[in-house]
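Okay, structure first, notes after.
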Amino acid sequence: MADQKKPLQGGATLPLMAMAALGVVFGDIGTSPLYTLSACLSAMSLQPTAVNLQGILSLIFWTLVLVVSVKYAWVIMRASNQGEGGAMALTALASHATGHSNRLRWWILSIGLLGAALFYGDGVITPAISVLSAIEGMEVASPAWKPLVIPLALGVIIGLFMVQRRGTAAISHLFGPSMLVWFLLLFGSGLTWIVADPQVLIALNPWYALQFFGIHGIGGLVILGAVVLAVTGAEALYADMGHFGARPIRMAWYFLVLPALALNYLGQGALLELDPSAIQNPFFMLFPAWATIPMVVISGIATVIASQSVISGAYSATRQALLLGYLPRQAIIHTSASERGQIYLPLLNWLLMVAVIVVILWFRSSNALSFAYGTAVTGTMLMTTILVFFVARHSWKWSLWKAGLFCGFFVLLDGVFFGANLLKFVEGGWFPLAIGLAVFTTMSTWRWGRGILASKLYPDTLSVEDFLSSVTPGDPIRVPGTAVYLTMREKAIPHALLHNLKHNKVLHERVVILTIKFEEEPRVLPANRVVVLDYGQGVRRLTARYGFMEHPDIPEILKSAENSDNLWNPLDTTYFVSRQRVIPTAKASLSLWREHLFAIMLRISANATDFFRLPPNLVMELGDVVEFSHKVPDAPKKEKTTQQ
């Protein structure tokens, strides 16, 4: 149950790593004070009376404590998959923990995919609501700025996505110090107003949270849909664990972020108790009038950093999903020579940009967007809690009552938050759910489609031994050089090899059948990377294993498999790859529209040449046309994921 701690890189001290984590992990949750309290009051059209404020502030504070401090920082961050966290890492852990039950694995996989899919709904709304809420601060300085809010927000968003291709390596070292300044401002501004009205501190008593529901009855549950805005971004504590390790993240949360957030929310409450007219924008009115524009600039920087963290998280999650075989291959561009984690996915970048622009133009204000925010976040939290139950039972060896008590409490809590957000479905809660459903459908369609495609391509597997038994010294003709054939199946003869033999009547002197397998773990030790099987007659099979945080290097694989009899010369090597095209039919187990969706995804999938970064002048691509008419079982057996 102990954490697998990531060593502090470059001799960095724990406080320095904690400060670096501020710029990556806490941007989303750190900018929540911009809009959370306003959203809570507008959710039920409440007046900022002392009783209402005490109840809301108590709910916000104890939500931060229970959801972030207890659930994520104390427990879920223990679910380390070789030091990595996140939806895919947790799904892999839960799947491994359950043993050999194929049906249970299938359900765990579905829950994990749904949780990962809902993350994209959050990823679209976070940049929109964060940037809008920061720029809306200009209205506090002068209402004349109001017509410029939308154009300025769109300009910031478009600029943010346009620079992604260049990467953030040059300025990322400034993110941590910038967010440190932000949290110190949250701390100081909140404390100033608490000193002016210390009575607000009674909201730390959980009794006032319960009293709120006593006053407002069952209708008071609506407020939870806005209260949860205070913990948006909590998943980042776990998702970014692989970058910094658990200790620096916990240190930053307990010693700076939590106190700063709590004091700022309490400070906003104190301000509203003393001046109810500040309901217009309680965050920016914490500061004197002369500081409004500087705070708009500073909050703008903080929200851009928060948005950048979400975008980078989307890149990372998508990369993991496509390497594990849940999404079509896409171009992955590394934007930093020194930081392997700094990547850029062009297609995803433009899809996200268009989606965020649509959100801003549709909702037009952070207050309206608050109705859309929350459904995806709470849905992801609920899926995470369910997966942690299996990890706690089978990996941590918790007793049934202990795992059931902990996870049961948080399933109930997450379920109440999720239900409260569903009450906002018509006002905008449908939007992130629609995005999550679309992503889940895409992932599941690709996964099932690949299974059907593999069963059609390899219905009767021809083994290498059977193939070689038909090869004689003069037939077929052996030509000089090395042929590398990429294939999905470990034991099958690649289609490209059979096509080449059928049409060209030749076989290379050296034949390498290469299968690349992506394991459900972040990394594979180099010693366990490549398995070589020599069949004789110049034919060898190489099976290379990679984790979902790694990218294959085919030349390195071939070089590692060298021996005195098989020296690899990259200049006399030809790479043979296959590319499939499917013909949808009504006979397949997928519905016809999903078959067409799979066919489209297959067409836009990056080819093996680009994905594996093979030299184009040394690649020969052969095609297969496949009719979809194969039935697959309801709960397919688990297979190692390959992407050839």
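Every residue gets a Cβ built from N, Cα and C, even glycine.
Worth saying up front: this structure is predicted, and the values here are computed from it rather than measured.
As recorded in Swiss-Prot:
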TRANSMEM  10-30  transmembrane segment
TRANSMEM  56-76  transmembrane segment
TRANSMEM  106-126  transmembrane segment
TRANSMEM  143-163  transmembrane segment
TRANSMEM  175-195  transmembrane segment
TRANSMEM  212-232  transmembrane segment
TRANSMEM  252-272  transmembrane segment
TRANSMEM  282-302  transmembrane segment
TRANSMEM  343-363  transmembrane segment
TRANSMEM  371-391  transmembrane segment
TRANSMEM  403-423  transmembrane segment
TRANSMEM  425-445  transmembrane segment
Self-check item: Among the ranges 106-126, 282-302, 371-391, 403-423, the one whose Cβ pairs under 8 Å to the transmembrane segment (175-195) are most numerous
Solution: 282-302
Quiz item: Other than its close neighbours in sequence, what residues sit by the transmembrane segment (371-391), given a CB gap under 8 Å and a spacing of at least six beyond its ends?
Solution: 67, 71, 75-76, 79, 87, 90-91, 93-94, 97-98, 108, 111-112, 114-115, 118-122, 125, 129, 225-226, 228-229, 231-232, 234-235, 238, 359, 363, 403-404, 407, 410-411, 414-415, 417-418, 420-422, 424-425, 427-433, 435-436
Practice problem: State the residues, same chain only, that lie 6 or more residues beyond the ends of the transmembrane segment (425-445) and have a CB under 8 A from a CB inside it; answer 'none' if no residue qualifies. | Solution: 110, 113-114, 116-122, 124-125, 225, 321, 326-327, 355, 359, 362-363, 368-369, 371-376, 379, 590, 594, 597-598, 601
Exercise. With Cβ distances under 8 Å as the criterion, find the stretch in 10-30, 212-232, 343-363 that has the most pairs with the transmembrane segment (252-272).
Key: 10-30
Self-check item: Stretch with greatest number of CB pairs under 8 Å, the transmembrane segment (343-363) reference, 56-76, 106-126, 143-163, 212-232, 282-302 candidates
Solution: 143-163
Quiz item: Between 10-30, 56-76, 106-126, who has the most Cβ pairs under 8 Å to the transmembrane segment (403-423)?
Solution: 56-76
Quiz item: Do any residues of this chain, six or more beyond the ends of the transmembrane segment (56-76), have a C-beta under 8 angstroms from a C-beta of it, and if so which?
Solution: 29, 36-37, 40-41, 46, 85, 90, 200, 203-209, 212, 223-224, 227-228, 230-231, 234-235, 237-238, 249-250, 253-254, 258, 261-262, 265-266, 269, 381, 384-385, 388, 406, 410, 413
Practice problem: With a Cβ cut-off under 8 Å, give me the same-chain residues at least six positions beyond the ends of the transmembrane segment (10-30) that come close to it. | Solution: 68, 126, 130, 172, 174-180, 182-183, 186, 230-234, 236-237, 240, 243-245, 247-249, 251-253, 255-257, 260-261, 302-303, 305-310, 312
